[in-house]
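Scroll down for the structure; my scribbles are underneath it.
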Amino acid sequence: MQNTLASYASRLNERLKNFFLTMQEFFEFSMRTFGALGATRRYWKDVLYYMYVSGTQSLLIVLVSAVSIGGLLTFEIGNILTEFGAKGLIGRTTAFSVIRELGPLLTGIMLSARVGARNGSELGAMKISEQIDALRAFGTDPIAKLVVPRLVAALIMFPPLTALCDAAALLAGAFMAIGYHSLDPAFYWNPVLNYLIPKDFYVGFLKPPVFAILMTLVTCFNGFSATGGTVGVGNSTIKGIVVSCGLVMVFNFYISKLVFELL
Amino acid sequence: MIEFRNVYLRYGSREILKNISLTFEDRMIHMILGPSGVGKSTIIKLMLGLIKPTSGEIYVDGVEISRFTEKQLFPIRQKMGVVFQGNALFDSMTVSENLGFFLRENLNLPEEEVQRRIKEQIKFAGLEGYENALPEHLSGGMKKRVAIGRALIFHPEFILLDEPTAGLDPISSKKNS
């Protein structure tokens, strides 16, 4: 009994130690990335490439998700509001949900999956094939060359993608409200355009840069930490995506709460 | 000159290197022989500062580097051309881009000079016609020759070769030598 307890305590101790060590390494990795931001000018061609990868190439998946969620949201909300004779609130409800929460959240999750998977697997493969060591050996800072351009590209592309996601979701909502719930277009668009206040946009557009930083740092850190061959690359990629998606959801909640309490 | 003084390296309870003291003189060829897993590649990584020793000192041209930060190590590493055991060619870059990587990154050379040196290395390595090929389209011997060319192209003070003929057939091995 005593032995079992001792072994359990030792395992717990080991796990806690590993957790804090990883946190320390992640903090150091993040600080080095922010410290290397000056390399953006040197690697501007890489920034353009990653803007294409994380922005243009992600557009379709973001729009498809936005249309599905926007349409579904209006469909479900419309059914409930119609029961209470409050069909006129469909536009307002959809607009608040999309601009404040769903647009940024959906974009953050989609990009964490798509761009995050790419970051994790590319960097993980580079790590296990010693390409990152080769960069260091040839006097190049791998963080400046590989992480900074990805971070800057994500910071530039996430806000416009979120705006497009919002627009697509609102349009899909409009089609659903007008086509399925037989709502007059003016009753849908008037609340959308007139009831939104700056605070809604602050919440909605404060999130994309935060998500860009979280997604890039977490997935790149996991790629840099990959060990143990192809299985290791797979594991580090999965870990990066899961942690990044989880953090996007948690931060989505806290940013909303913080902005509404402070402003 | 590169010098190791009483270098120890441990990973957890595993002892990789135990009290190693070595001196690599300038303008000399040194070879480390031993069975796999005894730490030959590790010694090269220690020279480059890619890993830090648990204890002991490593001097490169009289400068103690074992406690240097990444930033402090960059000028030291720029003196060394290295060929990794698995080549470590940048797989998203062509042969020419791999060869010219160091020159474009670290030396402020005019593009004509970069191109001239790349052509010279391509000819030297017998890789004419493969300038725009990606590493995945090259044979093992060709990859190794690109890796060697990449290490030699900037005329480094030290050339570190980690098993430069490993895994090659006798003909490719002779060509590389």
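For all residues, glycine too, the Cβ spot is worked out from N, Cα and C.
Keep in mind it's a predicted model, so treat the numbers as computed, not measured.
The transmembrane segment annotation in TrEMBL covers A:49-75 (among others). Long-range contacts of the transmembrane segment (A:49-75) within the same chain: residues 90, 94, 97-98, 102-103, 106-107, 110-111, 114-115, 118, 149-150, 152-154, 156-158, 160-161, 164-166, 168-177, 180-181, each at least 6 residues beyond the stretch ends and with a Cβ under 8 Å from a Cβ of the stretch.
Annotated transmembrane segment per TrEMBL: A:151-181 (among others), in sequence order. Sequence-remote contacts of a segment are chain residues at least 6 beyond its ends whose Cβ falls under 8 Å from one of its Cβ atoms, and for the transmembrane segment (A:151-181) they are 33, 37, 40, 47-51, 53-55, 58-59, 62-63, 65-71, 73-75, 78, 82, 87, 90-91, 94-95, 98-99, 102-104, 106-108, 111, 115, 188-189, 192, 204-205, 207-209, 211-213, 215-217, 220.
Taken from TrEMBL, the feature transmembrane segment applies to A:201-224 (among others). Within its own chain, the transmembrane segment (A:201-224) has Cβ neighbours under 8 Å at 25-26, 29-30, 33, 99-101, 103-105, 107-108, 111-112, 115-117, 119-124, 126-127, 132, 142, 146-147, 150-151, 154-155, 157-159, 161-163, 166, 236-237, 239-241, 243-244, 247-248, 251-252, 255-256, 259-260, 263, counting only residues six or more beyond its boundaries.
What TrEMBL lists as transmembrane segment is A:236-255 (among others).
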